[in-house]
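J.: Could you have a look at this structure, given as structure tokens, before my questions?
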Amino acid sequence: MNNNNKFKIVLMICLCVSIFVAGPTYAREVQNGVSTHAQAASLMDVTSGRVLFAKHGDDELRIASLTKIMTAIVAIEYGQMNKPVKVSKNAYAKEGSSIYLKLGEQMGLENMLYGLMLRSGNDAATAIAEHVGGSEEGFVYLMNAKAEELGLKHTHFMNPHGLDAEGHYSSANDLATMTAYAMHNPMFKEIVKTPVKKVPNPNEAWDYKWDNKNKMLRFYDGADGVKTGYTKKAFRCLVSSATRNGQQLVSVTINDGDDWNDHGKMLDYGFAYFPLVHLIERGQKVEGQELVTSQSFSYPVAIGEESAITKRLVLLKPVEAGVDISFGLKGRIELIHDGITIGKVPVYSPGSLLPGQPNPTKDMKQQEHDDGKPSSVWLSVFGKVLKEMLVV
């Protein structure tokens, strides 16, 4: 196979994948609009990933127990929630904040995650890391791999709990991105919005009762997460989130002596000046074309900014005469703001079966069997296209 053919195949696969995925939104420093006492801060819209405000957003700083946001999401993605986690001597003796686990005590992973996130237990963080990663070092490897996967260029972990260590750092923008990712996980989202959690205590006649340290849950309307942090070198750190009118924001401060008030101001600013605007509706007709959109698209837009967002229709070129490899997919609408693609919405021929729309003609049992697997029709057609490409 010559290099030109290899390039064709890679290009086609990338096109097929990217056309269904919203384009990235790049973090930009926007320092006007709100003042904070923080050394570094970031405010992000969760759905789009747009940074609405940043102050020294990419500075690499100590982050204390905000580390546990990554600890939790890695444990959720790699661990089994019903499996018991045994407390080792290393976990039992861990310094700093604790949920006071006993040596040799066993607790289900899901319950221990509540102790991790509500009470910031370093003993819980260590026990979880050893259980899921096989060792602290093994788990930290998974944390850094996830950071790389998420494109966190200003983040590196040395432990799962956030105690001060050389080479252990993140940035306000990276923490916002990390948290926005985690908030798409239903279990993580449920844990961090919980104000109080009771868990069976095998050593005593009473249950564990953990009150969430995040005061935002009690005094900010719509607050639904996420994590506090403090060490003598990192000082006060906080990540909070709130949802209003269907829009969720994440706020981050590092080294902020007035964090509760600053987070209230930052979130108020985001909701007031960057409301979520519906730019495209699902099933919307494309002007001048016999095409419809397959999904809706919303974006946080400042007052007067909507007119600066442009839409560009990109149509697929037929790969082989007489063969429709798209199954109705004809291209995409790209939404562009300030020279950056902020989203991509696939467009289809009218009457096509849109993604997420049930197929009434398909047998339910067969549909269950096929879930997550490429159809034989797709494989057959895709094979023909590849064969055509490989002809020298």
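Each residue's number is its place along the chain shown, starting with 1.
Including glycine, each Cβ sits where the backbone N, Cα and C put it.
Heads up, TrEMBL stuff is auto-annotated, nobody curated it.
Heads up, here are the entries from TrEMBL:
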- Ser65: active site, acyl-ester intermediate (ACT_SITE)
- Lys68: active site, proton acceptor (ACT_SITE)
- Ser120: active site (ACT_SITE)
- Lys227: substrate binding site (BINDING)
- 362-373: compositional bias 'Basic and acidic residues' (COMPBIAS)
- 35-256: domain 'Peptidase S11 D-alanyl-D-alanine carboxypeptidase A N-terminal' (DOMAIN)
- 353-374: region 'Disordered' (REGION)
- 1-27: signal peptide (SIGNAL)
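Walk me through where these features lie, including what they touch and how far apart they are.
T.: Look at Ser65 (active site, acyl-ester intermediate): DSSP puts it in a helix.
Around Lys68 (active site, proton acceptor), taking its Cβ as the centre, 28 other Cβ atoms fall within 10 Å, counting all chains.
For Ser120 (active site), the number of other Cβ atoms no farther than 10 Å from its own Cβ, over all displayed protein chains, is 28. In the three-state DSSP scheme, Ser120 (active site) is classed as coil.
DSSP assigns Lys227 (substrate binding site) to a strand in the three-state reduction. Neighbours of Lys227 (substrate binding site), defined as other CB atoms within 10 A of its CB across all chains, total 30.
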J.: For Ser65 (active site, acyl-ester intermediate), which residues in the same chain are close in space, meaning a Cβ under 8 Å from its Cβ, but six or more apart along the sequence?
T.: Ser97, Ser120, His161, Gly162, Lys227, Thr228, Gly229, Tyr230, Thr231, Cys237
J.: Kindly state the mean pLDDT of the domain 'Peptidase S11 D-alanyl-D-alanine carboxypeptidase A N-terminal' (35-256) in the predicted structure.
T.: 98
